[in-house]
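Asks: Got a structure here, written out as structure tokens. Questions coming.
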Amino acid sequence: MQPFDSHDTGRVEFDRQSHDSGQAGVKKLEAIASTWTKQALYIAYLGIALMTCATSLESQTTTNLTVYATSSFSAHALISTVLVVQGVVLSVVKPPMSKVADVFGRFEAFGLSICLYVGGYIQQAASYNVESYAAAQIFYAAGQTGLQILIQIFIADTSDLLNRALIVTLPDVPFLVNVWVGPVLAEEVLKHLTWRWGYGIWAIVLPLSFLPLGLTLWTAQRKAANRGVLPPSPFVGKTRWEAAKSIWWEMDAFGLLMVCVGFSLVLIPLTIGFDKGWRDPGYLVMLIVGACCIIGFPFFERSRVLAPRAFFPRALFKNRTALAGIAFAFFYFSAFYLSVFPYFQSYLLVVHGLSVSAAGHVIQIFTFSATITSIIVSFGIKYWGRYRPFVMVGIVIYILGLIAMVFFRTEQSSLSSIVAAQILIGVGGGMAHGPAQLGVQASASHSEVAAATAGFLTLLEIGGAVGSAISGAIWSANIPDLLEKYLPDETKDQAAAIYGSVKLASTGWPMGSPTRIAINHAYQETMTKILIVAVCMATPCIFLTFLMKDYRLHEIDQHVKGVVIGSIAQNATDQDAAEGGSSAEAPLLSNEREDERDLQG
């Protein structure tokens, strides 16, 4: 058996050390898991399902309310900057939230995310100007991304690897329905209430949906405390100063500060600087300082003196599967934001003359096909016990879909050919994304899963931000010049207005008119360049998959104690229960026996 892809010869000792050195939150979760029943775990997953249904419906509803909210304040200038900062928050909150879960506990981290989420809802509903509305987006984004990473961590905590590929698709399934329901709900809210209620209602719905999971974790925690298996708080008996120092080291506060500040200072200039033309030297200073923080982060984390409780465990720096998988996430999502988002919809509206709803339906093809494919693939992983073949085949299909988009980017291309290309991209993404995340988790011990998952999802978001910045740079650098080049003399003076308004570009002139032909040419040439860059960004993913080890997932035990969804720990639990033994120790004992056989072999 091979749970980790480094330290092969000394794997038993390394596994034991990793298992024993888990932080308080990890040990607390293991104690809780040793007390709950199958029924309690199913109730917890009911809570996960309710939360994902609520948050997906909320996102599909409130997206349609933003324009009405900002219009009520008669101010739009701040929104573009706020969206950039919101994107940065979505990228950088995952590492600290996963660390909170490891240090203080899963229940406490979920509670913090729910509070941030609800606080964002309330502030949006009660906002009195665009500044307060903009500030609310920060709390909302922090709660949203915190809940996203915590759900993934909880799934990793409570499932074996064979079943995790299926369960990890749970948060995406509600989008198959809510993508259609959300706009209708938004319309009804605006018709019968106000946009403020469209935000405020979720401050009630989300906490209610959290109750099954929250109560399950809380009651199991109380039960573990009554049985004496709950580990004591690491801060008991310490002064405030000692507790503060302990939290500083346990949270790896300086390391988290480095990674958050570093990525913020890189992403903000990348997204804003391109649009401003890099005229402000402050953008370059931010970029340099941010790059220095990111480059220095691995060296800081590998120091036992500076980071005794590193957010990104030192072992993962030697773990080629984890590193390759995290890099895979970056390039995969960069290509996504260079192809499907953010300018593909504008291209459909202008070049193919689609309506807003029709263009939206074409965009959603990726989500539908990727979600359905990921569910099918998860059954394949459960049956064959391998993940890498799906990643390899999936990324090839993904790139073939991008290449097809390069050829189908003209107005002469049929809509069915574009839909077929989007299906290819979605099928490839559904085959590659989830299994790649599973491979990263399989390469880590239980105490490292939160950090590995956070690293994967953080680089995923950052890749999307970088891809969006690059596509924005290509768009803003090419469209104005190409409009000046192709527009007939009678409409050249409207080039700036056409560039700034998709509505004018798509409805201002009929198809076949000289001006519309010129606009379409400008959009086609620019979209071709963006798609070629997307293909180039996705290509490294092929080589990265060869660096990821092809684990036999059914042979891996990550020392997950207690009742989990799946066969490995559950079978051990059932067997020990029948023999009167300790179910909590069964997975560990099984793992040690197999490790001894590996070393003897």
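Just so you know, glycine gets a Cβ as well, placed from its N, Cα and C.
Per TrEMBL, the features are:
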type	residues	note
TRANSMEM	40-57	transmembrane segment
DOMAIN	40-552	domain 'Major facilitator superfamily (MFS) profile'
TRANSMEM	73-93	transmembrane segment
TRANSMEM	105-122	transmembrane segment
TRANSMEM	161-181	transmembrane segment
TRANSMEM	201-220	transmembrane segment
TRANSMEM	247-270	transmembrane segment
TRANSMEM	321-344	transmembrane segment
TRANSMEM	356-377	transmembrane segment
TRANSMEM	389-408	transmembrane segment
TRANSMEM	414-433	transmembrane segment
TRANSMEM	454-477	transmembrane segment
TRANSMEM	530-548	transmembrane segment
REGION	574-601	region 'Disordered'
COMPBIAS	591-601	compositional bias 'Basic and acidic residues'
Asks: Taking all residues of the domain 'Major facilitator superfamily (MFS) profile' (40-552) together, what is their mean pLDDT?
Replies: 84
Asks: Which listed stretch (40-57, 321-344, 414-433) has the most C-beta pairs under 8 A with the transmembrane segment (356-377)?
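Replies: Between the candidates 40-57, 321-344, 414-433, the best contact partner of the transmembrane segment (356-377) is 414-433.
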Asks: Output the single range from 321-344, 454-477, 530-548 maximising the number of Cβ pairs under 8 Å to the transmembrane segment (389-408).
Replies: 530-548
Asks: Which residues of the same chain, at least 6 past either end of the transmembrane segment (454-477), have a Cβ under 8 Å from a Cβ in it?
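Replies: Non-local partners: 87-88, 90-92, 94-95, 97-99, 145, 148-149, 152-153, 263, 267, 270-271, 274-275, 311-312, 316, 322, 325-327, 329-338, 341-343, 436-437, 440, 526, 529-530, 533-534, 537.
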Asks: Checking distant contacts: for the transmembrane segment (321-344), what same-chain residues at least six beyond its ends satisfy Cβ-Cβ under 8 A?
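Replies: Beyond its ends, the transmembrane segment (321-344) has Cβ neighbours at 5, 363, 366, 391, 395, 398, 402, 405, 422, 425, 429, 432-433, 436-437, 439-440, 442-444, 452, 455-457, 459-468, 470-472, 475, 526-527, 530-531, 533-535, 537-538, 540-541, 544-545, 547-549.
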